[in-house]
Amino acid sequence: MLSTVHKAGRAPALLRHGRRVPVQASQLRALTSGAQNTSIFQTQANAAQRLSSQKRWLSASAAAAAASQPAPDAKAYIQSGVVKPRDHVDVKKVLVIGSGGLAIGQAGEFDYSGSQALKALKEAGVASVLINPNIATIQTNHSLADEVYYLPVTPEYVEYVIQREKPDGIFLSFGGQTALNLGVQMQKLGLFEKYGVKVLGTSVRTLELSEDRDLFAKALEEINIPIAKSFAVNTVDEALDAANKIGYPIIVRAAYALGGLGSGFANNEEELRNMAARSLTLSPQILVEKSLKGWKEVEYEVVRDANNNCITVCNMENFDPLGIHTGDSIVVAPSQTLSDEEYHMLRSAAIKIVRHLGVVGECNVQYALQPDGLDYRVIEVNARLSRSSALASKATGYPLAYTAAKIGLGHSLPELPNAVTKTTTANFEPSLDYIVTKIPRWDLSKFQHVKRDIGSAMKSVGEVMAIGRTFEESFQKAIRQVDPRFVGFQGDKFEDLDFELQNPTDRRWLAVGQAMLHENYSVDRVHELSKIDKWFLYKLQNIVDCQKEMQQLGSLEALKKEHILKAKKLGFSDKQIAMAVNSTEDLVRAARKGFGIRPWVKKIDTLAAEFPADTNYLYTTYNASSHDVTFEDKGTVILGSGVYRIGSSVEFDWCAVSATQALRAMGEKTVMINYNPETYSTDFDTADKLYFEELSYERVMDIYELESASGVVVSVGGQLPQNIALRLQETGKARVLGTDPRDIDRAEDRQKFSEILDSIGVDQPAWKELTSVEEAEKFAEEVGYPVLVRPSYVLSGAAMTVIRSKEDLKDKLEAAANVSPEHPVVITKFIEGAQEIDVDGVASEGNLILHAVSEHVEQAGVHSGDATLVLPPANLDQTTMDRVKEIAQKVAKAWRITGPFNMQIIKAEDPEGGLPALKVIECNLRASRSFPFVSKVLGVNFIDAATKALVGKNVPEPTDLMAVKRDYLATKVPQFSWTRLAGADPFLGVEMASTGEMACFGKDLVDAYWASLQSAMNFRVPEPGEGLLFGGDLSKSWLTTIVDYLSPLGYKLYAADNEVKQFLESSAKTKIDVEVIAFPTNDKRALREVFAKNNIRGVFNLAQARGKTVFDVDYVMRRNAVDFGVPLFMEPQTAMLFAQCMAEKLPRPEGIPSEVRRWSEFIGGKPL
């Protein structure tokens, strides 16, 4: 046996990430670590010795023997018979559990991992059945899953599907925490045993071990792996006792919780009392443990098969010290500040843990590491695919989810070829010759009263991943990817900079930038305040020094070639350089190209270029001297959606992937540009070439020019690609496919948009361009309040506000004008009580080809992304449908649309009984977030048709899909993440707040909505006999209608004051009793007791406006419903529809409900 030699000290920066050497061996055998004396992993035969400077794993003689071996060929190696394939799991049909709607803590990474699992099943010839109500995902296309059920991921509905489909296997590891919790519940109910369903991959017992904090602690104790001192408790008093034994500060963690939900730090008894009470409403058990704030946080991704082969695929290090959830941390892969000894100590421990727990598949191990010693603690183990797995997979090029699925089917690592490289087996640890940086994206500014601090509970809605050859290059790229308004490492004004550095918020890196760039803080001072490792801070100091050097030179003419090259190697963008020398981006670009400075294209091959590998997974860098690829394809560039944020999510990834697939089907070569590690579009086999790169004008033009591309698609990735479309065409002379960017501009600019609508005779609400406060006030008086204030070029209603008084108008004008100073602000008459209609369409050269008309359940005033959509519409008559189609045709012609487009129209009843007014309020000349929904409900892929129109090939004939009578309908409902956003007011308005969506089908509106709403995460239908709390606006009859539906079912009815009680009792159809309960708005603990004592399981709060303060009764009622995990209805139409559903659906009938049908059964085939 060979033993590992640990070297003290630190390796050079780019080499310090523990690359392993594949050892040549005649048969498989285990290696033993000298430090831990545990077997580490089995290696593959015939692998070549790494010929790099790292020889720490082999003696000189072994190195010489291995050097003579040829580069490995996976297939030949497997076929040689060295590896005896084990008996594969005998399953014919496998149920795959999806993760449901996107929420904070559980996002698009599960579309990517679930899709990989389905791909593995298809390759193995095993039938797949998917349950996932998230209609916007790629995995819910029939091209991946054989059968799809759009249903809630609950034991009840999954049992119905098992009864119908009779699967013999189930995958629980690819649907995040939702699938894991479901598996544990079903095991406890004995359902797997009852129906003879095998859990594939990691067993439920192991999942329970990793999730139940008490069992987990005991398991690690058995193998002498240190964890933080902790106690698992079930009550608040037990938590206080545990804290007294451990000593403050402590951290609270909830079991079976997603993304740190229900966790946080407590420095004293009062903080702990509140936190423990809140956490115990979200989870039956919490862990109270000693806080290790300030230690380093390090993660390892480990893969193990049932033969006990085990490899570490990637290790990652958090830029931020422990104390910030890894989902809210800046993360670097591979680790940069660990010594060789630290690296291997943690690696050995990870493998020991994974083997001991019996993980079969993929696992994530998180550590706290003492900054100045070899002491460590295990923080957490995720025995499933996670957000970190998606990041590790994209960072290394190792197909983790796909490999985990194959292992679940009984394959061993040595017998699996690596699907990316095609030259190595899956039993080969990746090595990286680049650095990856992940930065989260928050959207906290969209929420009123929200707390901006970041800690152990995750708040970010998305993340970016940047690749560079130096940390500086990678880091600056990532910053620009988070938000195009950022130019790179920069600062911002803070009231108390030292406080900001000590107490992390979502603006943490901006505080570091301000300190170093503008306030001359030293590295030592920033480290002292922030506890960020000095290695990272010295790298940031390099950026600061370079920027200051350019500022001193003062002009573009003074910059020599070496200055520009140095800046580019440190990740500076052309715009950033221009700002430093008072020039323009275009002039810097011209000067750079004049010096012959262009980016080099490199491959991610998982092998650090040591063996030949055939990958199409690319990035650009200035820290190189040659290209890894050739550029003969002249393909079509598709711009992806970028970072997930509120307003732009997995729906646009579905659109980008659908466009790519359509182009490839037509024989076109495709080039995808995107930087979001959570997406299917950034998977290795989606496009012919994948550039993991920024979606900036600079980078897109670099790639377009290098590739000599035939055109660029800007209409399938949401708003981000649209924003650079005109520049790509006018300045870059790129060929933009589809609608002319000048026409896009005529739709985005409110003034031009309105003038064109007037010219074609399409109605719109009265509006005026704003130039001064006085003019605005005058116009508002003329048309009458309420009015809508909005800037041009918005996504998801950013800075749009409904104004109801002159005072409000003055307050809001400044905020709106600040959003987009180049574009004027427009004021529009807001029509209350109107119905909103969504139109998704595809046109070719101004002619309408396809259109879909969805109606909103909510009245106008709720953002379309937060609205409940119904398709086909349940309440629109034929005359209205015909008029809507006519408007769509006129708009397509006026803007000469080629490709996808979306319109929002409001329908306002005529008080004199004439035809209702149809007024266009918005038009986007791109795909919208409802394209996947309408495509899947109508059974026609709108993006496929739009892509054919873009390239002018096989353009379909115009078809009126809305003329077809259907015996089903579907409802799309929003997924909110209020629980994660402490303090935020759960109130719907013109600014979008939802993070995801679900959709279900049914024979009618009640069927579909009933299933859709139960698909929301942790939603529980209040049962008859439980308590319901009412409050809000009493000027309308909404609350009465709800009470009339629900009171016969036997619910107990409560109100927070006498006024609501009297209103309900006097207006209800039958005699009812409403009890007034004490409602202390400033005492959360007392409120919790009120909710518990009265068994309140549902809250209906229909307020007309947001609470002005945090003591407003309606705000407190809404916020606490969310905090206590109680279903909240805060919008009148959906609340009344849900009450109708409860009246019709409760008590639940025997047998399988009518909504439990395959997608293909509803739509009559498998077209997508």
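Cβ coordinates are placed from backbone N, Cα and C, and glycine is handled just like the others.
Annotated ATP 2 binding in Swiss-Prot involves Lys829, Ile831, Glu836, Gly861, Val862, His863, Ser864, Gln904, Glu922 plus, out of the candidates Arg790, Arg883, Arg896, the residue Arg790. Each of the binding-site residues Asn382, Gln904 was scored by the number of other CB atoms within 10 A of its CB, and the lowest score belongs to Gln904. When the Cα positions of Arg790, Lys829, Ile831, Glu836, Gly861, Val862, His863, Ser864, Gln904, Glu922 are compared pair by pair, the longest gap among these ATP 2-binding residues is 18 Å. The domain 'MGS-like' (1019-1168): residue composition by secondary structure is 62 helix, 22 strand, 66 coil, according to DSSP. The DSSP secondary structure for Gln904 (ATP 2 binding site) is strand. For Glu380 (Mn(2+) 2 binding site), the nearest of the binding-site residues Arg790, Ile831, Gly861, His863 in terms of C-alpha separation is His863. For the region 'Allosteric domain' (1018-1152), the model's average pLDDT works out to 92. Counting only the Cα atoms, the space from Asn382 (Mn(2+) 2 binding site) to Arg790 (ATP 2 binding site) is about 44 angstrom.
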